[in-house]
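Listed in TrEMBL for this protein:
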type     : residues                                                                          : note
ACT_SITE : Cys76                                                                             : active site
ACT_SITE : Cys76                                                                             : active site, proton donor
ACT_SITE : Cys224                                                                            : active site, proton acceptor
BINDING  : Asn15, Gln47, Asn67, Gly77, Asn78, Asn163, Asn197, Glu215, Arg216, Gly225, Ser226 : substrate binding site
Amino acid sequence: MAGLVEFAKMNGLGNKILVVDMRGRPDKVTPEAAIALNADPQTQFDQIMAIHDPKAHGTDAWIDILNSDGSRAQACGNGTRCVVQALAAETGRKAFTFQTVAGILNAAEHEDGSISVDMGKPVFAWNRIPLSEEFFDTSRIELQIGPIDAPVLHSPSAMSMGNPHAIFWVDRDPMAFDLERFGPLLENHPMFPEKANITLAQVISKESLRTRTWERGAGLTLACGSAACAAAVSAARTGRTGRRVEIDVASSPIRQPLVIEWREDDHVIMTGPAEWEWSGRLDPRTGAFTRDLEPGAQAN
Ligand SMILES: N[C@H](CCC[C@H](N)C(=O)O)C(=O)O
């Protein structure tokens, strides 16, 4: 079939990612293709990371990010690690510079296979997160929420990592909360005019947090990298932890922490794994796809 592009089904700490190679093409992955791919259990995903030809001098690629509902996102930490792993496997290179709508990202693969991404600088100004109401101090905002009767869910820390995040501090295991029920209410709360990624964060020690996220445009996911960054920064900003923490992503089946460092130069560095699962070809207009034969499989 004409017009098919290569893609890889990958995951970043369980976060389901499709890395789609759109280089050499003028078009984009359509929301319709995203919705169709998400509807098939084989390709069901949290984010598509579409690799496009670079637009700016000195960058390796332009990355277009889609959520599973077909909406577009400005940042995806776990997906960016998957892109690094895919391009490192293709080129043998270790370091890359990407451009997204949120800015420039530098990333590198280490000897042990882990990948670090410089996620840029956090944004705290209420109108740039954005919030719909003015707050001088966005490290603790107040939400009016009728139907939710859990007091901890009323005063999150808000910030942007290129995409909007609300971090709710909880004193118990984040898995103990009914995030499936109140995630959609909080994601779509009128305080967040562009919606928000909703994270429950528990402080374990001065060096560690446990998190679980309801993602804007994707719902409950097994892991969310930009939310881990937002939780780490919000924790340091409010004196809950130091500036380097290990994040135990409670919902992830991969029992490995994400390491987040909020450097003195204000950049947030996220380090963690990425895993290739299988590859195929897809039509970026419709989402129709075929899987490559697994290595060792026989063609009939
Ligand atoms: N899973 C992603 C976050 C996607 C963000 C997206 N849900 C949005 O902002 O709309 C991550 O690892 O950072």
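Backbone N, Cα and C atoms are what each Cβ position is placed from, and that goes for glycine too.
In TrEMBL, annotation is done automatically, which means it is predicted and not curated.
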Please work out which residue of Cys76, Cys224 has the most C-beta neighbours within 10 angstroms of its C-beta, and give that one of the active-site residues. Cys224
Euclidean distance between Cα atoms of Cys224 (active site, proton acceptor) and Asn15 (substrate binding site), Å: 7
Which has the fewest other CB atoms in a 10 Å radius around its CB: Asn15, Asn67, Asn78, Asn197, the listed binding-site residues? Asn67
To see if you understand the setup: which same-chain residues, six or more apart in sequence, place their Cβ under 8 Å from that of Ser226 (substrate binding site)? Ala75, Cys76, Gly77, Met119, Met161, Gly162, Asn163, His165, Asn197
Simplified DSSP label at Asn67 (substrate binding site) comes out strand
If one measures from the C-alpha of Arg216 (substrate binding site) to the C-alpha of Cys224 (active site, proton acceptor), what distance in angstrom results, rounded to a whole number? 11
Same-chain shell around substrate excluding Asn15, Gln47, Asn67, Gly77, Asn78, Asn163, Asn197, Glu215, Arg216, Gly225, Ser226, C-beta within 8 angstroms of the CB centroid, reads Asp46, Ala73, Ala75, Cys76, Gly79, Thr213, Ala218, Thr221, Cys224, Ala227
Annotated substrate contacts Asn15, Gln47, Asn67, Gly77, Asn78, Asn163, Asn197, Glu215, Arg216, Gly225, Ser226, maximal Cα-Cα distance (Å, integer): 17
